[in-house]
Amino acid sequence: MSAKQALKPQVTQLYKELLWMGRDYPQGYKYFRDRCHKVFKAKSGLTDPKEIENAIKLGEYVKKELEALYFLKRYRAMKRAYYD
Amino acid sequence: MFALRNQVRTHIARGFVSARQSLSTLALIEQSNGTIAGSTLNALTAAKELGGDVTALVAGSKAADVAAQVAKIKGIAAVLTASSPAYDHGLPENYADLVAAATKEGGFTHVVAPSSAFGKNVLPRVSALLDATQISDITKIESEDTFVRPIYAGNAIETVKSKDPIKLLTVRASAFPAVELEGGSASVSDAKDPASEPQSEWLSEELTKSERPDLGGAKKVVSGGRGLKNKENFDKIMFPLADALGAAVGASRAAVDSGFADNSLQVGQTGKVVAPELYIAVGISGAIQHLAGMKDSKVIAAINKDADAPIFEVADVGLVADLFDAVPELTEKVKA
């Protein structure tokens with residue numbers, strides 16, 4: 001089994017997780033899905049397992065950024081509504 | 001005047017004689033070269049809020065000078081000094097012995113320190129010596145044994161009740177106002193100095209000196225990100241804006257990692273937690289998890305050329321423009 005195939009489940013999982021998180025994206029799900037798809041498409045030609053792993057790491061980072069974005073957006077909204 | 005003296009005397013009497021029954025607080029004063037560190041003043045407010053008598057502990061070769069300043073602070077009942085060069089740099093090994101000895105001697109029920117590098121260094125050791133749990137980074141005092149503190153990098157707020165006979169607290173400076181430096185007249189006396197053998201030695205320190213306000217306590221912060229492209233741009237664009245506004249300079253982790261800015265400027269969970277009135281994010285599009293360190297800012301403003309940048313989702317006001325044009329223009333307008 002090539003390295004690419006071995007990493008495929010991880011990539012699919014990442015894509016699914018990102019799409020799931022993208023449902024709450026401020027500019028809408030469609031906006032997020034289109035961009036997410038474009039980025040994955042752009043990297044679909046990678047064959048070097050190192051490069052693929054780096055791309056997965058970047059994806060994990062984006063996931064954390066999304067979590068932080070949602071948290072911060074909600075936190076600021078609550079703060080504005082109740083404390084300021 | 002006489003009434004005041006009397007009051008002070010009874011305060012001291014209560015502090016020392018019947019300390020086991022009533023509440024009394026020992027506050028550690030962080031100082032360097034005769035100046036009291038800013039965060040200590042916030043910690044003293046917390047110490048006063050506990051409700052008991054507050055005794056301040058000053059140590060170092062210039063302890064006498066600092067003690068004179070501390071004695072004038074309103075609400076301090078007594079000041080203990082230990083004038084020994086061994087305590088100059090707050091090396092935790094010696095300092096913790098001193099604090100533990102003073103706590104036992106005075107029968108204090110609470111020990112308060114700022115949640116600074118100094119407090120975080122010394123107090124854990126004190127807590128081990130006294131066999132009590134330390135409660136770190138408190139943001140609110142509910143009662144004498146119940147405290148509020150953030151956990152999980154500020155994602156949850158915890159209220160803890162301590163059952164230890166001695167409560168050791170570090171205080172988050174941005175959560176308490178600073179004390180007034182005038183209006184008190186505390187008595188100054190020598191602390192019992194354990195004069196323990198030094199286990200570590202101070203070699204040297206390298207500090208980045210800055211004329212600008214300290215990032216931790218600044219009212220305004222301008223923060224730069226990877227959008228500035230390189231260090232020259234960072235210096236050329238961020239610093240004039242900061243000077244024009246009288247603001248402190250911060251940086252995102254990406255900017256620090258790329259070497260645009262010194263890591264003492266990093267704002268975020270792993271860097272400094274700031275809560276200014278105004279936070280201006282320049283050239284930061286994402287790096288949001290690192291910006292969680294500024295979530296309590298009053299107003300967040302963002303300047304970025306990408307209108308879709310996620311930072312605009314959390315900013316209160318945003319400017320979509322090329323920062324290389326917009327920031328110099330803004331600097332000029334602020335100056336004018």
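Glycine too: its Cβ is placed from the backbone N, Cα and C atoms.
The annotation FAD binding site is assigned in TrEMBL to B:ARG226, B:252-253, B:266-270, B:283-290, B:ASN304. In this structure, B:GLN266 (FAD binding site) is part of a beta strand by DSSP. Neighbour list (B:GLN266 (FAD binding site), Cβ cut-off 8 Å, at least 6 residues apart, same chain): B:GLY250, B:ALA251, B:SER252, B:ARG253, B:VAL256, B:LYS272, B:HIS290.
Here TrEMBL flags B:25-206 as domain 'Electron transfer flavoprotein alpha/beta-subunit N-terminal'.
Within its own chain, the region 'Disordered' (B:186-209) has Cβ neighbours under 8 Å at 8-9, 12, 56-57, 59, 64, 67-68, 70-73, 76-84, 86, 88-89, 91, 93-94, 97-98, 101-102, 105, 262, 264, counting only residues six or more beyond its boundaries. Under the heading region 'Disordered', TrEMBL lists B:186-209.
Here the binding-site residues are B:ARG226, B:HIS290; the one with the fewest Cβ atoms within 10 Å of its Cβ is B:ARG226.
Proximity of B:ALA287 (FAD binding site) to non-local residues of its own chain (separation of 6 or more, Cβ distance below 8 Å) is seen for B:GLY225, B:ARG226, B:SER252, B:ARG253, B:ALA254, B:GLY268, given in sequence order. Secondary structure at B:HIS290 (FAD binding site), as computed by DSSP, is helix. Note on the domain 'Electron transfer flavoprotein alpha/beta-subunit N-terminal' (B:25-206): its mean pLDDT in the predicted model is 89. According to DSSP, B:ILE284 (FAD binding site) is assigned to coil rather than to any helix or strand. Here the Cβ of B:GLN269 (FAD binding site) has 17 other Cβ atoms within 10 Å, regardless of which shown protein chain they belong to. The Cβ of B:ILE284 (FAD binding site) lies under 8 Å from the Cβ of B:SER223, B:GLY224, B:GLY225, B:ARG226, B:GLY227, B:SER252, B:ALA254, B:LEU291, B:ALA302, B:ASN304, B:ILE311, each on the same chain and at least six residues away in sequence.
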